[in-house]
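Student: Can you read through this structure? Questions will come right after.
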Amino acid sequence: MEIVILVVVIAVIVLGAVSGLVISGRKKKALKTEESATPTSTTTAPTEPQLGEEAEGAPEAPRRTIEEVGLPEAEAEAPVIEEPAAPAEPEIETPEPSAGRLVRLRARLSRSQNSLGKGLLTLLSREHLDEDTWEEIEDTLLTADVGVAPTQDLVERLRERVRVLGTRTPQDLRALLREELLTLVGTDMDRTVHTETRGAVDRPGVALVVGVNGTGKTTTTGKLARVLVADGKSVVLAAADTFRAAAADQLETWGKRVGARTVRGPEGGDPASVAFDAVKQGTEAGADVVLIDTAGRLHTKTGLMDELGKVKRVVEKQGPVDEVLLVLDATTGQNGLVQARVFAEVVDITGIVLTKLDGTAKGGIVVAVQRELGVPVKLVGLGEGADDLAPFEPEAFVDALVGDE
Ligand SMILES: Nc1nc2c(ncn2[C@@H]2O[C@H](COP(=O)(O)OP(=O)(O)OP(=O)(O)O)[C@@H](O)[C@H]2O)c(=O)[nH]1
């Protein structure tokens, strides 16, 4: 019996020892697995947080749904970080309305004693209107660039009217001269600058600006953009003078001043493609008008004219050009007429811009060029100021020439 009890006791002890060994073995195995799952070095003291450990160690914040995420007020408490100031945009100017600008010409010409109208009045007021005086009248008109045929017409009419007038008071003479000059300049021509598309076409009106360099072409394009913006239109400019980067820069500066985009190409690139792109971009942007400034170097006349013709043809792939403005410098007189003829051979000119009228007391070129091309003067340049471009009004022009007294 005692032996049986002893055997049972030994068996219990052995069993206990064996199960103890199995448990500790499992624990060790589990530890080993944990160790191998952690790639970080185990040689460092566990109390010192290591690079990258902070996130693991930090108590995980409860996840929020999108609805629970606070909107900007919560972020308002965050420290304000000052953004570096954006480069200042040029201030957009508000151009003056263009109506009535031609009155300025009167103020300018009234300071000049050599104005065409004043010269003629002095001669017509002579006591004896002999042949010599009529010749002087003729010379005065020719010197003022009126041109031969219009001069002869006018002299003939003046002779006739003075004869029937009898007594010649200064008032009568002024009224007579005013009337005859007005007839010569023409009051029944369409002087509207057509910048609106004809028909129900979904594209901007297109105006092409041509002329010899130095006549004021780029300046005129810029000034015209201002006139259009003042009329509430949105304008895109095309720098189709790709030969001089400075010309494109100059145009872009004009555009920026009134918030008009300038489309330009690489220097020496194809002007026709710049013009085409500008019309395309203008159409996409829903602009009202595209103004195309072209090159005008005379020394490569044939090349220039070919190029101009191409610009017009390429633009016309998207629709007709609504206005072709020829820019002429009023101070160059007959030279302007020669230029007008050359340009008219290549593009159908629909309007003339006479610049620098402030720089001459003559003004007869208005008559001559209209006769030469059969196209009206539509705009005149009255100075270098941004708003010194005026719609041409025959009455105001003749009033400026004849003066008040
Ligand atoms: N007094 C006066 N000067 C003008 C007028 N229009 C233009 N100008 C000046 O004429 C000069 C030539 O003008 P531009 O516009 O550069 O002439 P352009 O024909 O485009 O010639 P490029 O710029 O060389 O292509 C500039 O100094 C203008 O300020 C005007 O009506 N009166």
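Just so it is clear, glycine is given a Cβ too, placed from its N, Cα and C backbone atoms.
Marked as GTP binding site by TrEMBL: 211-218, 293-297, 355-358. Taken from TrEMBL, the feature compositional bias 'Low complexity' covers 36-49, 77-97. Here TrEMBL flags 376-389 as domain 'SRP54-type proteins GTP-binding'. Annotation comment: TrEMBL describes 28-97 as region 'Disordered'.
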Student: Within 10 Å of the Cβ of Gly211 (GTP binding site), how many other Cβ atoms can you find? Include all protein chains, please.
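Tutor: A 10 Å sphere around the Cβ of Gly211 (GTP binding site) contains 26 other Cβ atoms.
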Student: For Leu357 (GTP binding site), just count the other CB atoms lying within 10 A of its CB, please.
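Tutor: A count of 28.
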Student: Do you know which of the binding-site residues Lys217, Arg297 has the most other C-beta atoms within 10 angstroms of its C-beta?
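Tutor: By the 10 Å Cβ neighbour count, Lys217 comes out on top.
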Student: Return one of helix, strand or coil for Leu357 (GTP binding site), based on DSSP.
Tutor: helix
Student: Three-state secondary structure of Arg297 (GTP binding site) from DSSP?
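Tutor: The three-state answer is coil.
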Student: So, by DSSP, how many helix, strand and coil residues make up the domain 'SRP54-type proteins GTP-binding' (376-389)?
Tutor: 0 helix, 6 strand, 8 coil
Student: Does DSSP give Lys217 (GTP binding site) helix, strand or coil?
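Tutor: SS state of Lys217 (GTP binding site) = helix.
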